[in-house]
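Annotated features in Swiss-Prot:
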type     : residues  : note
DISULFID : C119-C152 : disulfide bond
DISULFID : C285-C294 : disulfide bond
DISULFID : C287-C304 : disulfide bond
DISULFID : C306-C315 : disulfide bond
DISULFID : C318-C338 : disulfide bond
DISULFID : C343-C368 : disulfide bond
DISULFID : C383-C401 : disulfide bond
DISULFID : C404-C416 : disulfide bond
DISULFID : C425-C434 : disulfide bond
DISULFID : C437-C451 : disulfide bond
DISULFID : C472-C544 : disulfide bond
DISULFID : C491-C601 : disulfide bond
DOMAIN   : 47-284    : domain 'Laminin N-terminal'
DOMAIN   : 472-601   : domain 'NTR'
CARBOHYD : N95       : N-linked glycosylation site
CARBOHYD : N116      : N-linked glycosylation site
CARBOHYD : N131      : N-linked glycosylation site
CARBOHYD : N417      : N-linked glycosylation site
SIGNAL   : 1-24      : signal peptide
Amino acid sequence: MMRAVWEALAALAAVACLVGAVRGGPGLSMFAGQAAQPDPCSDENGHPRRCIPDFVNAAFGKDVRVSSTCGRPPARYCVVSERGEERLRSCHLCNASDPKKAHPPAFLTDLNNPHNLTCWQSENYLQFPHNVTLTLSLGKKFEVTYVSLQFCSPRPESMAIYKSMDYGRTWVPFQFYSTQCRKMYNRPHRAPITKQNEQEAVCTDSHTDMRPLSGGLIAFSTLDGRPSAHDFDNSPVLQDWVTATDIRVAFSRLHTFGDENEDDSELARDSYFYAVSDLQVGGRCKCNGHAARCVRDRDDSLVCDCRHNTAGPECDRCKPFHYDRPWQRATAREANECVACNCNLHARRCRFNMELYKLSGRKSGGVCLNCRHNTAGRHCHYCKEGYYRDMGKPITHRKACKACDCHPVGAAGKTCNQTTGQCPCKDGVTGITCNRCAKGYQQSRSPIAPCIKIPVAPPTTAASSVEEPEDCDSYCKASKGKLKINMKKYCKKDYAVQIHILKADKAGDWWKFTVNIISVYKQGTSRIRRGDQSLWIRSRDIACKCPKIKPLKKYLLLGNAEDSPDQSGIVADKSSLVIQWRDTWARRLRKFQQREKKGKCKKA
């Protein structure tokens, strides 16, 4: 009898140790209490800090699903007591239809009054290999500190505690109790717990004695003996280990006196059953340090009241638009709050990029999506193409970017300088939007060269007045009538340009023409640019009108690359093709240009 008393005291001491650990014992830092504060998730300066929900008995008042309950149909059961060496049995009736004689599962999680014990009770003699299970759904993820059961019957000889992290879809062992660990659960007896296996269930024979015959306690501490418990904040393994959505207790084997097979075995078997007065699951609503309480949502589901810009049932992700750094669990040192993306008020959505986060020294990884108000960039921090910054407004202003409004004819593109708004103008065009001709230029009818240089009067010794030599017929044949331009002629020449003859000067055996190159349709190896340039033609070619050129006229010139006298400009000779320009040729020459890029000239 004294032994039973001492065991009961030891069991109560174990529960007291658990409660003491919950209140601040070493290795259970995640369950440390906090002093009352106006806002437990912020310090006195308003800075975020870790906050955790209150410690509760998560089983209290919840329904427990059991695989066996006495009373359907009504059945006799006998309670064994001992007086010295004598065993006494007092028999009663379990009747589920009579509230005074029923032992329903609700008694497992009701208010436990030691002066008026209420006990759930199984059917009689459900012995191994049959088992009896108690399944408790917590309603959401909890970080469990302990699971305890107080018995009205003798404690089981073998029992297992399981947990689920996915609302009962899968189960993993939490703890085993048995005098025959290897036989019952294929586990070694009291295996040492190391850092390598601290997330695994162990089997022990503690709390498996048959006595006391009533009032015995089994209490399992989830972190007791786990090596990383002292550094719980930095141990994802143990954080996962204590997490559960459901708890299941499986009673595998009854303790007996060995009289179940004797002559009065029916009376003996009616004395063996499982009966529990109290099932407790001590722990906290799992909120990863980002909430101080759990509340019911619109669907009446239990969820964390998330802070620190977090979201989710367990505050296990960042809320929308707060992806500038990755989600992390809060610790005693760092709140690890989620940070909003910096989009300068021009975007409503963003995403996280780990590569950018690493490159920033782990400070910022947010990338803004769908920038509005004509902005662009990772942070919507510059103006998109076709717009420029209005420096009189902050970048966060809705009208911080102004349209370039580049002239459709005078500008060479739609993109302007991001700072000044200056559009890229074509040759001879000026103005911030390229809307007027520059000094010394006049407007033309060509959309390609809308501004051309104002012509200069030809010199007194004009190229057209040169006397024709007598041997021109044998030297070259001047073109007569209309010349046609085709792909074959285009491919044979090194360059093809549209020119405007401005003036001509005699330079020894050469004529130097100052021309304005309006368009370049082919340039070969020589880099020919639009604008003013020199055209060199030998005097004899000009005298024989090969080619025939007049000042102030526009021509299509197709020629071959040749060094000019001053190493600049282009050279034409009797083999060059010079045709007075027609605006209808522009489209044809652009087609030739495209075909050349596709390699058609090689086949021509």
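Our numbering is plain: 1 for the first residue shown, then up by one each step along the chain.
Yeah, the Cβs are placed from backbone N, Cα and C, and that goes for glycine too.
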Checklist outcome for this item: Same-chain residues at least 6 apart in sequence with Cβ under 8 Å of the Cβ of C368 (disulfide bond), in sequence order, are C341, N342, C343, H346, A347, R349, C350, G377, R378, H379, C380
Checklist entry - Which disulfide-bonded residues (C294, C544, C601) fall within 10 Å of C304 (disulfide bond) by Cα distance? => result C294
Next on the checklist: Neighbour count, 10 Å Cβ-Cβ cut-off, for C383 (disulfide bond): what number do you get?
Outcome noted: 26
Next on the checklist: Quick check for the class: what is the C-alpha distance, in angstrom and rounded, between C601 (disulfide bond) and N116 (N-linked glycosylation site)?
Outcome noted: 105
Checklist entry - Taking just the CA atoms, what is the gap between C285 (disulfide bond) and C318 (disulfide bond) in Å? => result 18
Checklist outcome for this item: Least crowded of the disulfide-bonded residues C304, C434, C544, counting other Cβ atoms within 10 Å of each Cβ, is C544
Checklist entry - Are there any residues in the same chain, six or more apart in sequence, whose C-beta is under 8 angstroms from the C-beta of N95 (N-linked glycosylation site), and if so which? => result G71, P74, K101, A102
Next on the checklist: Most Cβ neighbours within 10 Å: which of the glycosylation sites N116, N131, N417 is it?
Outcome noted: N131
Checklist entry - Could you state the CA-to-CA distance between C315 (disulfide bond) and C287 (disulfide bond) to the nearest Å? => result 5
Checklist outcome for this item: Keeping only the recorded positions of C152, C287, N417 whose C-alpha lies within 10 A of that of C404 (disulfide bond) yields N417
Next on the checklist: So among N417, C434, C437, all listed as recorded positions, which is physically nearest to C318 (disulfide bond)? Use the C-alpha atoms.
Outcome noted: N417
